[in-house]
C-alpha cells in the first residue's frame, strides 16, 4: 500500500509540485513496477489517497486489519510520525511489527556501543561496526510458493480506487518533460546491480576508477537513486559484493573499504538519527557556527548556472536536467558555494530554489522526497484478518526481489513537512538525496562538521581541466556547446562568450574566503 495525497505526495506543497517532476516521475515508475511484480503473484498494489494519520483508523476498521508491519525510519521526523501511527494501531487493537531494513545495522546499537553518542569520525564509525555482528541477510525473493494461500481480493474498480496516480493527477505539467535518464523501479535496479557486479576486476582489486569526462555522465550501472528509494536493498547489495569478492579472491574476507558507498550512507544516518537539527547550523550541537555572508545575487548565479565558471555551471545544468551529478561534481559545487569561493552558508545551498525548477538536492546530496527529513515510508505491510498476511498496506510497500524484508520497499514519505522553505536545490532535483546524507555531506564539504581542512578546496578551473581536458562535459552549458576544447574551462578565455549576467572572479572570491578562514 502506498499513500498519495493531493497535499503532500512526498513532494512539497501543491504550488511547488511543478518544480520537481523528476522525483515524481521516478517514484511513480517505482510504484508501477511494484504493481506489475505484485500482479505476477496474483496481488496488487493499493495506493491510498490521503494522510496516514487520517486514513489508517478507517482502514483498520474497514479491512479488519490485525497486523501492521513497517520499516523502521531512523530520521527524527520519521520516528515522530511512525510513533503516532503506532499509537493509532495499538488503540485499534492492531499488532505492530517494525523492522530495520533501510540500513545495514541497527543504528541505536552503534550509538550504544559509542557510549550513547553517535560517532563523528568515519574511522571511529568503522571501528564500532567492526565490533558488531555482520548485517543480517536479506530475506528471499517472494514467489508463488512463499505467498501460499495468501490471496488479495481485487475489485473491478481497483484501478480507479487504488491505482498508481499519474503525473497529471498529482498536478504536474508533463508538456516538454524529458524521458527519464534513470528509470524507476526494482526491476531496473536489479538489472543495474548485475551490470555493476560484472566488473569483476574492479571488485577483485578494488581500484577506484580513473576520473574522466565520461565518469561525469549518468551510468547504466549507477545505483544511488535505487538505494535511496528502496528499489534496491542495501543488504542485497552488501552481500552480493561480499560473495563476488570471495569468489574472485578465493574466500578472502573483503575490506570495509569495499562497501564505501553503503558505509558512508550508514555513517550519516547514524549521526543524524537523534538530531532533529541536523540540517541546521543553529541549535545543531555538531555544527560549527560560521559567520557566512548573505549574498542573494551570487547565490542566484550559482543556483541558475550563471557563475561564469563553465565547470560549475555545467554541473548545475546537469543536475537540473537529469536529477543526478557525480559525487565529485557535488563536492565541487558545494565547495564553490561555501568555503571555496562564495562564502555562502551550506543551509542556503540546501534551501535555494533553482529558477524555474525548484530546488534539487544539495550541492550535495540528498533527496528524500520528504518534507523534513524523515518522512520515510512507513511502508507498511498490512495483514488482512482472515487472509494470512496478504494485503500490503502502509505508507510504503516493500516487495519481492531485492530481498528487503519482504522485498522492494519504495520509499516515500507520509507527511513530511515543509522544511523551512524546503531543502530546495539538491533536495528537489537530486534523485538520490537523503535528508541525513544531504545535510551531513553539506556540513562535511563546508567544513562545518566532520572535516576541518579548510584550505583543501576544489579549484573550479583546475579540477575541471584535469577531469575534462577536452571540454566535453562543460558543453552542458548551452552557450558553450562549441569545439573550443579546454580553453572553455577558464572564465577569462570566454570574453565575449558569456552572457552579461555571469561575472564571478575566482581569484578575488577565494582571496576573500581565505580572509574569513
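Cβ coordinates come from backbone N, Cα and C, glycine included.
Look at TrEMBL and you will find 1-104 tagged as domain 'Photolyase/cryptochrome alpha/beta'.
Taken residue by residue with DSSP, residue 261 (FAD binding site) is part of a helix. Marked as FAD binding site by TrEMBL: 261, 262, 263, 264, 265, 266, 267, 268.
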* Structure fact -> Minimal Cβ count within 10 Å, across the binding-site residues 264, 267, 268, points to 264
* If you count Cβ atoms within 10 Å of the Cβ of residue 262 (FAD binding site), leaving out that atom itself, what do you get? -> 19
* **Local confidence of the domain 'Photolyase/cryptochrome alpha/beta' (1-104) - pLDDT mean** => 84
* Asked: Out of 261, 263, 265, 266, which of the binding-site residues has the smallest number of neighbouring Cβ atoms within 10 Å?
  -> 261
* Near the FAD site, what residues other than 261, 262, 263, 264, 265, 266, 267, 268 in the same chain have a C-beta no further than 8 Å from the centroid of the listed C-beta atoms? -> 259, 260, 269, 437
* How do the residues of the domain 'Photolyase/cryptochrome alpha/beta' (1-104) split into helix, strand and coil according to DSSP? -> 52 helix, 18 strand, 34 coil
